[in-house]
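Okay, so here's the structure we're looking at.
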Amino acid sequence: MTEETIFSKIVRREIPAEILYQDDLVTSFRDIRPKAPSHILIVTNIPIPTVNDITADHEAGLGRLFTVAAKIARQEGIAEKGYRLIVNCNHHGGQEVFHLHMHLLGGKPLGPLVT
Ligand code: AMP
């Protein structure tokens, strides 16, 4: 069984977060430790631990992550200048919370992706 993370509690609104968007498949809220002027997380409502756990059944929710990322980027006023979407997987990927999520980062030039 998938272990619950803090993100499930945010999805169920049991702990506070600045929620920007929620529907039947995904929830979006501001990252608590922002790495850019706009740093927003978009999570699947169901707790998929990592990208390695994705199955075809998850495709609607995963597609919705992108639809919502584009919508929020427009809302934040960063769509035209651009932004970065990141999904970390496991320890080498820098994943800390094992509930699949997309980072939306923007509001300044982010430079090249470095390791
Ligand atoms: P990752 O390293 O990809 O697993 O990213 C996890 C992100 O979740 C980090 O950027 C954290 O700052 C963020 N985070 C952890 N706890 C919270 C929280 N309660 N509310 C908002 N963001 C959080």
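Cβ atoms are placed via backbone N, Cα and C, with glycine included.
In the three-state DSSP scheme, H101 (active site, tele-AMP-histidine intermediate) falls into the strand class. The Cβ of H101 (active site, tele-AMP-histidine intermediate) has 23 neighbouring Cβ atoms from other residues within 10 Å, across all protein chains displayed. Sequence annotations record features per position, and here TrEMBL assigns active site, tele-AMP-histidine intermediate to H101.
What TrEMBL records for 6-115 is domain 'HIT'. Mean pLDDT, taken over the domain 'HIT' (6-115), works out to 97 on the 0 to 100 scale.
Per TrEMBL, motif 'Histidine triad motif' is recorded for 99-103. Residues 5-8, 31, 39-44, 47-51, 53-54, 65-66, 69, 84-88 of the same chain sit 6 or more residues outside the motif 'Histidine triad motif' (99-103) yet have a Cβ under 8 Å from a Cβ within it.
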